[in-house]
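K.L.:
Below is a structure I'd like to ask you about.
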């Protein structure tokens, strides 16, 4: 095998169009991201059809910019990695069809990547010496998992949400208290002005034999609290509501993740996904894990949100295992972690 494997990666699962050039799964030569946040902000959330159209408009330019920044041409690329699920089916298809076209035209192998595996692999970029096994908390707008990573590309899901994802709950609560979209960063910001102990919102407690999450109850409790306040004509302290809600979500995430580490006797937690940027989650996880002698690894913001560099990293580890993807692959919006 060549000393350096160069992956051109494409990501378009939701509302970011991204392309990157990644060498050997850990060195990022370029990571171009065209965000659609300002486009969807006026709608209060991502509109799938609008997202797809925006991807179509920019994907060619984004891929070319990624190659140019890396000072590469397609001749320098060994394989093309692309997200094929989970995500919005229309958005996924834009990136997938573009990648398939490149693979067909150049004869380069195609490697389909699970978006969640990409989030986990972002840690290999930031932490060059990181190797499995380790625990990973994946928290994003559409997904919440506790994953035991046994080896590269080998996962055991120990816990997952039974209803709303953590990021989805953040967005819905932010909308309810008038903060708008995107909800996660706005709740994080206003919470710094509030009292996290002002309101006691419930935590979902399942039996001890599961590490699953449930955030719909917390979300409903917030909505009920707001409705009661409005019916009584009482003033609502948005900062207190946001801080109390945030604490209830973070407490559950941290508690279950530490329990997972104890069950597998691992001393390393990696965090992945957009909600990993939340300052309360970062601070609480680091503080509580320190008490247990557990190391916490959290990538920088640019690698927490959707990006193609993480897809390039995951694609590399698939590539060296000899895995290749047929050009007749289709988008799988509900793709499960570990499915091939």
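Even glycines carry a Cβ here, placed using N, Cα and C.
Swiss-Prot lists 115, 119, 306 with the feature Fe cation binding site. Look at Swiss-Prot and you will find 138, 139, 140, 141, 142, 171, 184, 188, 278 tagged as substrate binding site, backed by sequence analysis.
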K.L.:
Can you grab the distance from residue 184 (substrate binding site) over to residue 306 (Fe cation binding site)? Cα atoms, rounded to a whole Å.
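P.N.:
That comes out at 14 Å between the alpha carbons.
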K.L.:
Hey, for the Fe cation site built from 115, 119, 306, who else sits with CB inside 8 A of the CB center?
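P.N.:
Sorted by sequence, the hits are 11, 13, 83, 87, 116, 118, 140, 273, 307, 310, 311.
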K.L.:
Let me know the DSSP-derived helix, strand or coil state of residue 115 (Fe cation binding site), please.
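P.N.:
Its secondary structure by DSSP: helix.
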K.L.:
Between the binding-site residues 115, 119, where is the Cβ count within 10 Å the lowest?
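P.N.:
If we count Cβ atoms within 10 Å for the binding-site residues 115, 119, the smallest count is at 115.
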K.L.:
Enumerate same-chain residues with a sequence separation of six or more from residue 278 (substrate binding site) and a Cβ-Cβ distance below 8 A; give 'none' if the list is empty.
P.N.:
184, 188, 246, 250
K.L.:
Of the binding-site residues 138, 140, 142, which one has its Cα closest to the Cα of residue 306 (Fe cation binding site)?
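P.N.:
For residue 306 (Fe cation binding site), the closest Cα among 138, 140, 142 is found at 140.
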K.L.:
Tell me whether residue 138 (substrate binding site) sits in a helix, a strand or coil according to DSSP.
P.N.:
strand
